[in-house]
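Heads up, the thing below is written out as structure tokens.
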Amino acid sequence: MAFFNGAIWCKIGLKNRSNAVSRQRKTTQHPHPDLGAFLARHGLALNAQQMAAAARVDGPTLLLAVPGSGKTTVIICRLAYMILACGIPAEHILSLTFSRAGAADLSSWYRRLFGDAGEVPRFSTIHSFALGVIRAYERRYRRRAFDILAETQPMLRKIYKQIHGTFPTDADMAEIESALTLARNQMLDEEAVAELMPEAVRFPQILARYEATKKRKRVMDFDDILRYAYGLMKKYPDLRADFARRYPYINLDEAQDTSPLQFAILRLLTGRGGHFFVVGDEDQSIYGFRGASPAMLLHFKAHYPRAKVLLMETNYRSTAQLVAASDRFIVFNRGRTPKHMITQNPPGVPPVHQRVASAEESYRFLLAAIRSEGKETAILYRNNESALPLVDLFEREGVRYRLKEHRPLFFSHFTVLDIRDFFALAKDPTDRGIFARIYYKMDCGLSRQQMAAAMQAPAGQSVFDVLLALPGLPEWQTDKIAAEAKGFARLKTMAPGPGIRLILDGLGYEAHLQFRIERGYREESIRQKLKIIRILAGRAQTQTQFLNRLDELAQIVSSQAPGPAAGVTLSTIHASKGLEFDKVYVIDAVEGEFPSRAALEDSPEGRALFAEEVRLFYVGATRARRELEFVSVSGPDAPAVSRFVRRYMGEEEKSAAQPKKRRRKILGELGADYLAQMRREKQRKRGASRSRRWHPGDVLIHRRFGRGQIASVAGRTAAVRFETAGEKKIDLALCEARGLIRKGNDAIRQKI
């Protein structure tokens, strides 16, 4: 069987399934002894909702469990009841979850409570089960499946180099791999794939070449395991029936983390009426970036009409005031099953919103708090790089901490690398290699030909002197190059903080970043990187100290192992899922970051992302057992505090649901920094609107290329035939904004 069988980009359509699975569902009926007596014999007790869930053995079932409701205990008790009391053979039960850690945790819990009492069911990840399907196919049909690719990065890096001419950074690779996972798990079509990354990345070409290379080498990657298993189960009903017969009872934990592709596999396996016990919580579905979706839970009864939906609403983790605040917050989200989280725990202390005057003061506040706390504490945030100022400070102050994520992708992001290059070129303006990397990121309007000419000049001469000596430079460009040379001379002696401001505002890098944003790069990611690098730069006296500290932090992040007595955990909210702490601080919850700019867009995608970010905030808040504190920066220049914080704290009466369509309503809640970005976006759109006044046949004068006539217009991009420079493509709006083009008269020579 060929690996790619047309199921690669298919939609989930299982209406015409074979009846082979349903025939296998006629399993032996087992007695259902008294659950309460069984639990009592093992020294266990459950509440009424937990009892109803643990007693549900037959048929499809959806159990929606709020945070801290004891779902692991219920899953383990139910499995033991099925095996030890109902007499269901353990080998007929398959318990699935998304991660290896989750499967190992369930197995450990079962063995701890019931391991000596009988056989243990199989605990597995969905990927491991899918691999078992592939191996069974090989044995049954005597065919060899593709080998598993141990590492995808070498192949992807080579493909990227073939397409772009340069090797990708680690940050580039992380984004490409994330897009690959999303494309396959969401079973996206080619049009949707093209929207996953900025056009400049050329992701569809990378994906197509990656798939072709794997097929030629007869290998499959981690996500292909799922696609391959799905295709095999669809094509071979007997293979599917074998697994349905082997595992008539299937348990799925963390179902909100399941992707459409994973759910498609499980639907093939269970039919429409199998013994399928699904545990999850759509309010905690936060992994949309890797293809997970709460849709499976919301539409479970449509797929399984005989299903019973059960709730577990008692939280045993958090104090009453925290439970009440979290429940009030999440009910404003859309796309959820109505339920209310309750607790019998003591009231405890209310959540706190701590406001400080500056970002640096917020870190000092956290440092002092951690030193005085004697309890298990976590500092949570949305974006990985939010940890870096704290890591820097805690390392300097000797505070023990645990960092959940160890991938130093921040340091290989293009914004960080570019700023390092600007400082390096200021230090050595004769360095041709650095100049070649950033010449087009300055405000000089340099062409590749001019750059190439500068590269040919004798070594040891400033690149700016070489450029100024080039023949035929127009006056405007001479002025710009001279100004850039003076700017780099100033930059050489500046402290890193003011130096970064000069790079952005005086040397043209801000315009380059805006250009990237207009080409589809995420603005919030770029702004977040700049914010962190400015904070770190502000702590250094010299450029050398600053650049060396970046190297040190990269090493610290990548090599850190948690100490045995770490006083505080630093974690993204995503990585904190499943954990709990006595006290939780949430930082960097501001408009434009959390919720993100993309989530504030009035579009189907924006509304879906907004709903997921509401859920993400809810997950963060429900990690706290006893105390929860939000730390925000106040002041006229600070971004506005997140509407999520205000809603959680009861600081506003307005709903935390998706923002109103009226743009003014949104703008009224945003801080100065975000408002400035929105104004720039508005100006950009005005520029795009202005570009529409250009039409094929129009004549223009370009400050560099001279007179030309527009041959075609596609959006903001025009193909222009210049009298002396030949045909070139230009960005009309950007050229207008920079004053590079103006309308010409129609007296143009016919030869163009």
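Glycine residues also receive a Cβ, built from the backbone N, Cα and C atoms like all the rest.
Please treat TrEMBL annotations as automatic predictions, because they have not gone through curation.
Residues or ranges marked as ATP binding site in TrEMBL: Ala65, Val66, Pro67, Gly68, Ser69, Gly70, Lys71, Thr72. Marked as domain 'UvrD-like helicase ATP-binding' by TrEMBL: 44-319. Look at TrEMBL and you will find 320-578 tagged as domain 'UvrD-like helicase C-terminal'.
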Around the C-beta of Val66 (ATP binding site), how many further C-beta atoms are within 10 angstroms, looking at every protein chain? 25
Measuring CB to CB from Lys71 (ATP binding site), give everything in the same chain under 8 Å that is also at least six residues away in sequence. Leu63, Ala65, Asp253, Val279, Met312
Around the ATP site (Ala65, Val66, Pro67, Gly68, Ser69, Gly70, Lys71, Thr72), what further same-chain residues have their C-beta within 8 angstroms of the site's C-beta centre? Asp281, Met312, Asn315, Tyr316, Arg317
Within 10 Å of the Cβ of Gly70 (ATP binding site), how many other Cβ atoms are there? 19
When you measure from the Cβ of Gly68 (ATP binding site), how many other Cβ atoms are you left with inside 10 Å? 21
In the predicted model, what is the mean pLDDT computed over the domain 'UvrD-like helicase ATP-binding' (44-319)? 93
Around Pro67 (ATP binding site), how many other C-beta atoms are within 10 angstroms of its C-beta? 24
Within a 10 Å radius around the Cβ, which one of these binding-site residues has the most neighbouring Cβ atoms: Ser69, Thr72? Ser69
Applying a 10 Å Cβ distance cut-off over all chains shown, what neighbour count does Ala65 (ATP binding site) have? 27
